[in-house]
Amino acid sequence: MKHVRHFTPSLFLSLVHVCLVQANYAPYFFDNGARSTNGNMALLSLSEDTPVGTHVYTLNGTDPEGDPVTYSLAYEAGSRRYFSVDKNLGNVTLIEELDREKEDEVEVIVSISDGLSTVSEKVRILVMDANDESPEFINTPYIVQVPENTPSGSSIFKIEAVDKDTGSGGSITYFLQNIHANKFTIDRHSGVLRIKTGVTLDYEKSRTHFVVVVAKDGGGKLRGDNKVFSATTTVTVNVEDVQDTPPMFIGTPYYGYVYEDTLAGSEVLTVVALDGDRGKPNSIHYCIVNGDEGSFEISNTTGAISVIKSPNQLKKEVYELKVQASEVSQEGDVSVYAFAMVTIRVVDLNNHPPTFYGENGPQNRFELTMYEHPPEGEILRGLKITVNDSDQGANAKFNLRLVGPGGIFRVVPQTVLNEAQVTIIVENSAAIDYEKFKVLTFKLLAIEVNTPEKFSSTADIVIRLLDTNDNVPKFSSDYYIARIPENSPGGSNVVAVTATDPDSGLWGEVKYSIYGTGADLFLIHPSTGIIYTQPWAVLDAEVNSKYNFYVKAEDTDGKYSLAEVFITVLDVNDHSPEFNENIQEKTMIIGTPVKIEAIDQDAEEPNNIVDYSIMQADPANVFDIDQSTGEIKLKSYIRSLDIIHNITKNKDCIWSVVVQAKDRGSPSFSTTAVLKIDITEETLHKGPMAAFLMQTKDNPMKALGVLAGVMGIMVLITIMISTAMFWRNKRSNKIMPVRRIIKKKQTPQSRAVRMEWLKFKRPSNAAEKFVVEDDAKSLHNENSNNNIQVAPVPPTAPLPPPPPALAPRGDTPGWRVPTVSGSLTPKFINKQLKKRGHGSAHNALVSELKMKFEKRNAAIGEPHI
């Protein structure tokens, strides 16, 4: 380490003066070694990719006297300033980008000062390599000349690239892009380019190859990341031609023409041959091998063929010349050769138009019979047509085309020179349709192209088509809708379906058939398509009003189509309204209507809508009927039986009403029923037994059976009670007064009464000791009016007995059965009970039983009458 001290004269005098008192020592740097980050920067190493502005080092030193020190950096003249330093802290910062490839060492003078003494040192900072350089190819561009006969595997060039980096970043490997499509390969380390093994170059196929070479370094660190750089260059490989290919004629085949006015010595045509080796071609030598018959000659150098005789001396119309082209090397040796045929035709002037020929000579009409829809691309082989123009050269060149319906056929060839076989090809098979055209007619036109005369000719092409079964029968509609009245007899026509097949003959005949689950009642005529009902079929709209099935139209080949048939059976008013019974009996309680009902079995409205009316009633103007529901009620002014008695002398109140039920169909049907109405008043009877008798009035046998059972039970009970009272009275010698039994007013009840066991209750009086209970669930009124419900009657005081005059009514006196719950008065069993002859005895027993229960009620303190 070198210490440099700098003193000025004035400072020296000062120091001398100070030294008389105390000596001053110079400051110094700490030397912490090469790997230290503080000290004097000696042997400091920095990577060239260190970012500008990075704190790279800290200068560190001290002063023996402990005075504060400052730091500074200096550079030699012409050197770049890479670092700056904080003079107080000593922090060194990179201020210029490092590049090892330009400068691998940086010299810096570092200084430390205590204000009196300054110590400076020159240090070297090593710049370390980073992988920041890409490989570079040298001596570019690369252009290589390679003979086409170079053996495969041969080395043809060496590519060289350099990388300024060191270590792995400076090592280079080579490879080719598109290696599989390349005919070359490269050594990855040396860069030597070779032809692939088994591959040869061919100048005639490819004269130049472009090979893309990639040079890649070994990679290295750059700013903390591992980087790999590469470069590409293109090597142009030019293949050099080698004499290995024979000559080739250009423009074959060769045709020449000699016209009738051609002069001897005139050039007819020129053949051209080129050396197959185009890179270094040899000269070509021409000669006629045979076929000229002394009439033609050829230039050995140019290949021009000339006629050496006048046209009238030429014995043949067509000459076939065999011409040889040979390669002549620079030494004059004939190496390889090739041959070509030259056709020379002797022709006249343009004085003949194109002419069509058939098998027997010239012909201007050709006919053909064929089936419709031949395959597209098929040739019409039945047409044997040849076209010829007897002129020569350009005069014999003409065009062919078909004139007629377009797009159906095309003619081949379209351009003819001299003569050609005419071929007509199917282009649109669908247009060749027998159903559209029975006969197709075209004009075949041949017209010259490059002559001023424009000679032309035409031929008629007539194609007669034969039919094939190419169509499917087709219905006029996809579905048919028909309606038929239900009263139509068997064999009635329903609907006619129509299908057409445009094919001819048997193929156009259509046969009809039907099938499906709904077709059982129908038949179809196989020829006319008329659908009719089976002879035995009976249509009934009330049973089934909708039928649908399929109808098939089929030709003789089995081709068919389907349509669907929907048949609706129209309802006809063929049912009369019907009552359940023609003679009905109803009981009408004043204020409550009765209902009569008739049902019409027709399927649809208005045939099944029933209107009701009263045709006859005695007396008249007593009843009204609802036209729609059939409810019958009394006129509004009739509110009691007394009013009815004033109207008629019929005291039974059983009237007959003739009711008519009439439907609304056309024609309309009606039915009548006789309704016997028994009118009663609701307030006359209360209680379940009375209601039961009213409801069962129309069924006397049911009432008789129920009442007989009740009476039997009552008689048995009465006998038992009477016996008991007899023995009691016998012991007590007391006779109880006979009390009058008062009837309880009954309420109308339903006919369907189920009698249950007599239950003892705590009645409010002696008459209600026994009560007959009804099953409410089985109660229904006569008119099926479920809104009328029978409720249990609350306990009420017994009513006084009716006057004796009102008991019998009419000619038949009524009788009553006294019971503990009231009186029942069915009139229709009066005679039977009279025959039994024990009514008075029964009344006595009931009276005695009544008194027994009244006595018991008095003992327990309940009120009674």
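Yeah, the Cβs are placed from backbone N, Cα and C, and that goes for glycine too.
Unlike curated entries, TrEMBL annotations are predicted automatically.
The following features are taken from TrEMBL:
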type     : residues : note
COMPBIAS : 792-806  : compositional bias 'Pro residues'
DOMAIN   : 45-137   : domain 'Cadherin'
DOMAIN   : 138-249  : domain 'Cadherin'
DOMAIN   : 250-356  : domain 'Cadherin'
DOMAIN   : 362-475  : domain 'Cadherin'
DOMAIN   : 476-579  : domain 'Cadherin'
DOMAIN   : 581-690  : domain 'Cadherin'
REGION   : 781-821  : region 'Disordered'
SIGNAL   : 1-23     : signal peptide
TRANSMEM : 703-727  : transmembrane segment
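Residue counts for the domain 'Cadherin' (250-356) under DSSP, split into helix (H, G, I), strand (E, B) and coil, are 3 helix, 56 strand, 48 coil. Mean model confidence of the domain 'Cadherin' (138-249) amounts to 86 (pLDDT, 0 to 100 scale). The domain 'Cadherin' (362-475): residue composition by secondary structure is 4 helix, 58 strand, 52 coil, according to DSSP. Under DSSP, the residues of the domain 'Cadherin' (45-137) split into helix, strand and coil as follows: 0 helix, 44 strand, 49 coil. With DSSP classes pooled into helix, strand and coil, the tally for the domain 'Cadherin' (138-249) is 7 helix, 53 strand, 52 coil.
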